[in-house]
Amino acid sequence: MLKFQKIVEGHAGGIMVLCGILIASGFFGQLMGWKNLRGSTMFIASLIGFIPVVLHAFQAVRVRQLSIEVLVSLAVLGALAIGEYEESAMVTFLFALGGFLEKKTLEKTRASIKSLTQMAPTVALQASGKEVEIEEVELGMVLLVKTGAQVPVDGAVTDGEGFVNEASITGEAKHVKKAIGDKVFAGSILEDGTLYVSAQKIGEETTFGKIIELVEEAQDAKSPAEKFIDRFAKFYTPFVLLLSLMLLFWSQDLKLAITLLVLGCPGALVIGAPVSNVAAIGNGAKNGVLIKGGEVMNTFHQVDTLLLDKTGTLTKGNTQVVAVKDYGATKALLRRVVLAERQSDHPLAKAIVKAIDQTTLAFTDQAVSNLTVTKVIKGQGLIAQELVIGNEKLLTEQKILLTEEQKKDLLRLQAQGASTVLVAFEGVLKIIYAIADELRPEAKTTLRQLKKLGISQIMMLTGDNEETAKAIAAQLEIDKVQAGLLPEQKVEVLQELQKQGKRVAFIGDGINDAPSLAQADIGIAMGSGTDVAIETSDVVLMTSSFSELVHAYALSKKAVVNMRENIAAAIGVVLFLLMGLVLGGTGLIGQFVTMSTGMFVHEGSILAVIFNAMRLIPFHKK
């Protein structure tokens, strides 16, 4: 049976065309006065068109489901039983035609997602120039990437330089210069130059692989509307069948009863929400925004409060030391600082390592070389033996006191808007680093646009000092600021807002943001952030451009409106047809609703909701 069904499905287009030719021949025969030809061709067309419908119906009944095909099958059998061959032929043909057009138009809504999966690298060149399958590539293997070729792995450039188009990752066709030490991503294209790349992530573990995985998972994640319709359909179809039987018993009109079966098919209702969901997710993928499913889309459009981390979110994350206050630091101490901070991925730690002139620091002291971080205090700093690096709160907890002069220096640097990191050794403050990070140029405009779209409150939650936080908030017109927060304190602030009935989104990029991303109604991660942040979040801005947040938020609102339009249209069409059937059956108006016209309108409504959803594909909000 399954083998036969596959053969039939493989020739669905041919079956539809054959039915169409037979029906056309029947009408032509009628015009020519060949009445017998019309009846014969309509009967044969009904039987041929009925085959794929009844096969699907049989499979549905086997798993105890009453699908649309079951209703259509019963209607066609009833029409054949009473000799309505024209009606049965038209119903099977229109059902097949509708399915064909539905498949083609749905393919267009999935085109951006399909093109994304087809862009995955399949081969790679070894450094020697030998081509290998991507499955044969191993971690650490050095690969050659030539001009015009696709980068096959996530890795670091070991030799050469060139310009890479990262549109497959970020959604923006910008040419980014890559040289020794720079990271490159699988799926990006080397537009000019030659690169040798050491493989660090391969296959599904690459950033591109994860994007594909997230998008595919998002298609299957249903919105509340889809879940409701799925539950509704389980009861709706049996209800239509029961209603048809009751109508037959009451009216003794089999034709009227089977017409009701056709009119009651909930095709547009079933497909209305999913097709909007797929189109919106495809739009996001094309524009560098990953939205993890219909439920996320539905929740995101309700968000009224936005919480932001500072570093890497409102700022570019390109931190650099802008001032240093030295209170007797030695080269040996600087060596310790470098070794300790190298073990941290925090942007402030990276800035300090970069700032220290390591060329003058020979790591010959074995004791110093073996230095290890003994304790990391989230949101405060770290302790490595006698060395303490962090904020003022950490030093206070370690009972390290500042002199009056040091306190004045600290406040002055903070008032200038800089983040400060204090370095103490053997209980004495030795260095204050003032570290600045450039604000994202689009941040202020983006926040203003979000407020216009419906965000009523914007708050900045940061572990940085209060002076710096307030200075940045004033520049960006942020409503509220809470500074000096630990990761768990950020979660507490978030939970309190949720208790007040707020729909809260949190945007961040670091490991320490993961708890807040998980707790928020909508967690939004910057694509340049850590894997933990991206995995925990609901929405990922792959461009790491803050302005894409506007597009993501506007897209969620547009998608939900689109879903509602589709559902309303689907219900409206069914009600209109049923009303026409009832009024026609009672003689109040002419009988304009028949099996064939009902099927025509039914299939038309399916195409209408698909075309409506396709309006989401070109949508872009900046």
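In case you wondered, yes, glycine gets a Cβ from its N, Cα and C as well.
Any TrEMBL annotation is an automated prediction that lacks curation.
Positions annotated as transmembrane segment by TrEMBL: 12-34 (among others).
As annotated by TrEMBL, transmembrane segment applies to 40-59 (among others).
The feature domain 'P-type ATPase A' is assigned by TrEMBL to 127-216. Per DSSP, the secondary structure of the domain 'P-type ATPase A' (127-216) breaks down as 20 helix, 39 strand, 31 coil.
Long-range contacts of the transmembrane segment (232-250) within the same chain, counting only residues at least 6 positions beyond its ends with a Cβ under 8 Å from a Cβ of the stretch, are 66-68, 70-71, 74, 256-258, 260-261, 264-266, 269-270. According to TrEMBL, the feature transmembrane segment maps to 232-250 (among others).
Here TrEMBL flags 256-282 (among others) as transmembrane segment.
The annotation transmembrane segment is assigned in TrEMBL to 567-593 (among others).
Positions annotated as transmembrane segment by TrEMBL: 599-617 (among others).
Long-range Cβ contacts of the transmembrane segment (40-59) within its own chain (Cβ-Cβ under 8 Å, at least 6 residues beyond either end) map to 1, 4-5, 8-9, 12, 15-16, 18-19, 22-23, 25-26, 29, 67, 69-70, 72-73, 76, 79-80, 85-86, 88-89, 92-93, 95-96. Away from its own ends, the transmembrane segment (12-34) comes close to residues 40-42, 44-45, 48-49, 51-52, 86, 89-90, 92-93, 96-97, 99-100 of its chain (Cβ-Cβ under 8 Å, at least six residues beyond either end).
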